[in-house]
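J.: Quick one: the structure is below, questions incoming.
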Amino acid sequence: MALLLANGSMSSQTNNEGEIRKGIINADLVECMVALPGQLFTNTQIPACIWFLNRNKKRKGEVLFIDARQIGYMKDRVLRDFTADDIAKIANTLHAWQKSDGYEDQAAFCKSATLEEIKNNDFVLTPGRYVGNAEQEDDGVPFAEKMQNLTALLKEQFAKSAELEAEIKKNLGGLGYE
C-alpha cells in the first residue's frame with residue numbers, strides 16, 4: 001500500500017504523530033519512504049512524500065529511503081514534473097532493493113537503513129537524514145586560502161560598488177535630482 005502525505009508526516013510530533021510513526025516502524029510495516037519535491041501538485045506547492053507500507057516485505061528490519069527532492073524539472077513557473085526517466089529511476093531503485101538485485105546505496109539519493117538506525121534518529125523518516133549529501137569534489141585548495149581569495153574578491157566588489165554608487169549620484173545630481 002502506498003500513501004501520499006505531506007512531508008510533516010515523516011517527522012511531526014504533534015497530535016501523537018511521533019507515537020503513531022513509532023508504532024508503525026516497530027511493527028516493521030514501512031518498506032520505503034520517498035521524499036518528493038515541492039510544486040509537484042497543482043493545488044499546493046508544499047513538498048509531499050510517499051509511504052510504502054507492506055506487511056509481507058522481504059527485507060525485514062530495513063527501510064529504503066529515497067530522496068527525490070532534487071529530480072524532475074519545472075514544467076512552467078509554478079509546476080514541477082517528473083520525466084519518465086525520473087519515475088523509472090525511483091521505481092527501479094525500489095525494485096532492485098526489494099529483490100536485493102544490484103541495489104547499492106547512493107549518497108544524496110537512496111539508502112537502506114535498519115530499524116535500529118531509525119530508532120536512533122527518534123523514528124524520524126525524512127530520507128535526507130539517512131541518504132546524506134552528495135560527495136563534494138576536493139579541488140585541493142585549502143579552506144583558509146579559499147576564504148582569503150573570496151574575501152579579497154568581496155573587497156574588490158565593495159570598492160566597485162562604491163564607485164558605481166558615486167557615479168550614479170553624480171549623474172542624478174547632473175539631472176537635478178540630489
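Yeah, the Cβs are placed from backbone N, Cα and C, and that goes for glycine too.
Annotations for this protein, taken from TrEMBL, read as follows:
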DOMAIN    2-139  domain 'DNA methylase adenine-specific'
J.: If you average the pLDDT over the domain 'DNA methylase adenine-specific' (2-139), what number do you get?
T.: 94
J.: Helix, strand, coil: count each for the residues of the domain 'DNA methylase adenine-specific' (2-139), based on DSSP.
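T.: Within the domain 'DNA methylase adenine-specific' (2-139) the tally stands at 44 helix, 35 strand, 59 coil.
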